[in-house]
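*Asks:* Below you'll find the structure I mean.
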Protein chains: 2
Amino acid sequence: MTPQEAYRWLLEHSRETACLASFARLAGWDQATYTPKKGHAHRAQMQAALAKVLHQRATDPRIGEMLAVVEGSDWLGAPESVEAVNVREWRWAYDLQTKVPERLAVELAQATSEGEAIWQEARPKNDWAGFKPALKKIFGLTRELAEALGYREEPYDALLDQYELGATARQLEPVFAQLRQATVKLLERLEGSARKPNTAILRRFFPQAAQEAFGLEALATLGFDLEAGRLDVVAHPFMQGIGPGDVRLTTRYDEGYFNTGFFSIVHEMGHGLYGQGLLPEHFGTPMGTEISLGMHESQSRTWENLVGRSLGFWRFFWPKAQQYFESLRDVRLEDFHFAVNAVEPSLIRVEADEVTYNLHIMIRFEIELALLRGDLSLDEAPEAWDAKYQAYLGIKAPEIKDGLMQDVHWSAGLIGYFPTYTLGNLYAAQFFAQAEQELGDLEARFERGDFAPLLNWTREKIHHQGSRYWPRDLLRQVTGQDLNPQFLIDYLNRKYTALYGV
Amino acid sequence: MTPQEAYRWLLEHSRETACLASFARLAGWDQATYTPKKGHAHRAQMQAALAKVLHQRATDPRIGEMLAVVEGSDWLGAPESVEAVNVREWRWAYDLQTKVPERLAVELAQATSEGEAIWQEARPKNDWAGFKPALKKIFGLTRELAEALGYREEPYDALLDQYELGATARQLEPVFAQLRQATVKLLERLEGSARKPNTAILRRFFPQAAQEAFGLEALATLGFDLEAGRLDVVAHPFMQGIGPGDVRLTTRYDEGYFNTGFFSIVHEMGHGLYGQGLLPEHFGTPMGTEISLGMHESQSRTWENLVGRSLGFWRFFWPKAQQYFESLRDVRLEDFHFAVNAVEPSLIRVEADEVTYNLHIMIRFEIELALLRGDLSLDEAPEAWDAKYQAYLGIKAPEIKDGLMQDVHWSAGLIGYFPTYTLGNLYAAQFFAQAEQELGDLEARFERGDFAPLLNWTREKIHHQGSRYWPRDLLRQVTGQDLNPQFLIDYLNRKYTALYGV
């Protein structure tokens, strides 16, 4: 068999697998939107049957054989050629899939499935004692998983790799530390300011139909193609990319609070633009696939925060907002803009503002890393959690359900996942600074409703690249330098000292 | 390997295949409802990838091996035991799948895919000359298909078998002839009547929201479980059973015509009740699967016509209808009931009333049968079509797009399919007569809103049986006699002579 033939086989196999995986995503979207109440049990059986097919395809030994034929062959071309990138990533995925012994995969699936159920039950009751054994089991199995996967420097890296290719704990630690110190300092200054936003104006009446119409208008204006996507209502918003021409956003509406609906629409749209920006001719191959969760988050945070919470953005959208919402007609633009950028230390990550959000992430990162390294035992974790909230945010959860037990992630086995949220914010700021250097003042453009230059820039520089570069390499490629937290720090300092007058 | 082990393997294989097939149905439903415009090309690729997996599973040679182990073993029990039924039907499906040479399957798929596209294009232009070569090819390949599948008496039976297990042309001919003669006679009498329904009252204004609310109330009242199903809007209504607890109805609304929305809701609900009535513990096996298209149609026609167009039904629903629709408030119940039962020979099958509908079907049956038997050439078919419309319905299509080219079926390869529509009507009348014999006057119950006895009767007698009996055997089992067109003839004569006073 020639390398070309082996490559062709891999291409076909990869594309077909991706088409089958599209069904899993479609069915997942449908579960959150339109599945009737009594249809969920069957849906779980459907997903299990498909997962089995997908697993068989992903671990098909022929993949290994074909890769062996094509790898290292001259035919592949430069390391950044389409073919070389696809082969590199297919190899990575195949090794990831085949390194884990079936026994461990099954035990992990079972432990996390049980873990989630136990968490659901235990959290509202603050039942740490009831939850701890399940969590202990999951952390134990995850440590085994890390060993099976292998790592560069320490077990945590193997976990990170699943979500953020090439990232390591030792790389992240100094970056996060620098961001944490700067954030804590900024937060202290903001808290000392006499100028406070009037967030009550966000708590007026915003009819759902008007929120939807305004959201759809914003999507169209920002460049989301509504003929290649949709917007639906769910309990927990997400973006689901089914495939080329079909990228689905979801949101939820709170008629008594502006931010819930609008900013989740813009956030999910950021993810969706990444999905719509992938090159359709590469669908089903690494070259047509998003490179990492952190990179994905960088796109959602760009549109949610750097664009959607900017003054330029609201200068443009303000007349429309006032048309859609009667309750905003007596509000000043500047007061509204200050209100949607209110900073307030809070206990719950998912409700956190742009400044404090990363502190929530870093606390989780520090704790899961210490647990993995054996520097902390699970028994000590709640206390460590509270101490860090006190130190970084100046507050402490009165109950563990709003403390260590607030997120589903660990019970679902998502360990090494949290850092991708802050990486997203860091990438976003660094990309945005680069885009401004190349395109000039972006806020001035937003003020004129001119969002296309930024979108086109991210399309060309990021979306079209698919998985050509690992995240840090892509960042370096686009911005000319390594990950540097100073971009996010500068952005936050500039924006919030101006807003709070400190 | 023991018969038990072989059976267990078949059971697992069958269930998993059914779970995967659920994805195809869900994605099909989504295509008709919520898929964004630009997502259809990818959806077609998804469906092709899944179809390949399903075909591989359906023709897996291990099925043949396992069947050989279990067939004829004492362990199977009586022919109507769950195990024996499943094995019988698995064998039938496996043979069906494996009898067709791949070359023929591929050519048919291609010819029908092209055929549909050519029909779409040619029909509005009355381009018979452009359509004929494609249709000729499809009939030629279908004749090959019949030979590959094998048949009892003649090639047409092999085609029928795909849709209505065990039916044969020679069985159907006398039954259809008796119905045709009686219908033509009845139609003549109705046309001679001076009493005419005022159908203009159905052409008033019926707001879509009210139609939907009324439709949902009717569904709930009739016994459709809306927690195990949904109702959505599409261009061409259908029912899609995803699996246990998830049975989806669709409809379309015409605000200027009452019948379009309401009767398609009730029709699709009839299909949906069959889906909801299958036993969930048998999902994914023949015992939990509808036996035939004709049997399915018997359920939809029961609720659409025998229930939904009865006077008892409207006596109960009339106060509600008048609440929902302002435009009906000055209408008399009896006039409304007469209007929704108006009989009028027309050219288009899908718009035909309960009396003339079967004549449309029989014309198609007679023509496709004559084509298959070689008694008619495709060149002669349009003339034969017109002659039959003239003879049975007394009208003639001025253009072929409303004549022989009106339906998509033949171009899609659905030859031997049309008879199932009339079989559905025949079964429905025969079942209904039996139900009345066992349960007493059903219309009197409908008048009180008491629809449960009929539903429970059909559940127990028909839905719960799955594929235990072939259609004619099920009919005999439930009604104590063979298919007898006199039930439908008597029902139509009784109802329409009363309405038209003839």
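Glycine too: its Cβ is placed from the backbone N, Cα and C atoms.
TrEMBL feature annotations, pasted as is:
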| type | residues | note |
| --- | --- | --- |
| BINDING | B:His267, B:His271, B:Glu297 | Zn(2+) binding site |
| ACT_SITE | B:Glu268 | active site, proton donor/acceptor |
*Asks:* Cβ within 8 Å of the Zn(2+) site centroid (B:His267, B:His271, B:Glu297 excluded): which residues?
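*Replies:* My list of surrounding residues reads B:Met239, B:Glu268, B:Gly270, B:His296, B:Gln299, B:Ser300, B:Arg301, B:Trp303, B:Glu304, B:Gly424.
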*Asks:* Tell me the coarse DSSP state (helix, strand, coil) of B:Glu268 (active site, proton donor/acceptor).
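*Replies:* DSSP assigns B:Glu268 (active site, proton donor/acceptor) to helix.
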*Asks:* When DSSP is mapped onto helix/strand/coil, what comes out for B:Glu297 (Zn(2+) binding site)?
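*Replies:* Reduced to three states, the DSSP call for B:Glu297 (Zn(2+) binding site) is helix.
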*Asks:* How many neighbouring Cβ atoms, not counting its own, are there within 10 Å of the Cβ of B:His267 (Zn(2+) binding site)?
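*Replies:* Taking every protein chain into account, the count is 24.
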*Asks:* Could you tell me the C-alpha distance between B:Glu268 (active site, proton donor/acceptor) and B:Glu297 (Zn(2+) binding site) in angstrom, no decimals?
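*Replies:* Between the Cα atoms of B:Glu268 (active site, proton donor/acceptor) and B:Glu297 (Zn(2+) binding site), the distance comes to 9 Å.
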*Asks:* My understanding is the cutoff is Cβ-Cβ under 8 Å with a sequence separation of 6 or more in the same chain; which residues meet that for B:His271 (Zn(2+) binding site)?
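*Replies:* Counting only residues 6 or more apart in sequence, the Cβ neighbours of B:His271 (Zn(2+) binding site) under 8 Å are B:Met239, B:Leu249, B:His296, B:Gln299, B:Ser300.
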*Asks:* Once near-sequence residues are set aside, which residues in the chain of B:Glu297 (Zn(2+) binding site), 6 or more away, have Cβ atoms under 8 Å from its Cβ?
*Replies:* B:Thr420, B:Tyr421, B:Leu423, B:Gly424, B:Asn425, B:Tyr427, B:Ala428
*Asks:* What is the number of other Cβ atoms found within 10 Å of the Cβ of B:Glu268 (active site, proton donor/acceptor)?
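*Replies:* Counting Cβ neighbours of B:Glu268 (active site, proton donor/acceptor) within 10 Å gives 25.
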